[in-house]
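Comments concern the structure below.
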Amino acid sequence: MAILNILHYPDPRLRRKAQPVAAVDKSIKKLADDMLETMYQAPGIGLAAVQVNVPKQVVVIDISEDKSSPLVLINPEIVARQGKAESEEGCLSVPEIFEPVTRAAEITVHYLDREGQKQELQTQELLATCIQHELDHLEGKLFIDYFSTLKRQRIRKKAEKRQRLSA
């Protein structure tokens, strides 16, 4: 397995729409494994392939405290949403920013697992929030897109300054 480079906002590659995975083969399984390792090392609880410069519909999530419950979602699609819930979110591609975002409280998602098997998951709370956040990445959307224009401008300036300092 390998640690992958995580793209940081305002990198325009984060705005690309991910393409569906045609077949769950060795390369997709390796990508998922590398993404999990990268996410754990970061550390984070979710990562979309777009964030590691691979525009494919692959997401990894693990909200467990001990990294024991990895979830791989390939070609995920939310098929039902219910209620509203607000929770604080952060993002590995937008470091040091944590803000409340309102999303569906409960969701049902269809996806292929790491073995290419069709799955359905009904979930709520943190896992529902995390899935919605990561699926936004597959559409080229970031959690900061839910913020006001002024707040997004401040975050962009901060991100650009951080890039200059790290270059």
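A Cβ is built for glycine as well, from the same backbone N, Cα and C atoms used for every other residue.
In sequence order, Y9, I97, H133, L142, F143, I144 are the residues of the chain that are 6 or more apart from C91 (Fe cation binding site) and have a CB within less than 8 Å of its CB. Taken from Swiss-Prot, the feature Fe cation binding site applies to C91, H133, H137.
Feature annotation from Swiss-Prot assigns active site to E134; the stated evidence is sequence analysis. Taking the Cβ of E134 (active site) as reference, residues of its chain lying under 8 Å away and at least six apart in sequence are, in sequence order, G46, L47, A48, V59, I61, L73.
Reduced to three states, the DSSP call for C91 (Fe cation binding site) is strand. For H137 (Fe cation binding site), the same-chain residues lying six or more positions away in sequence with a CB closer than 8 A to its CB are L14, A18, A48, V50, Q51, V59, S93.
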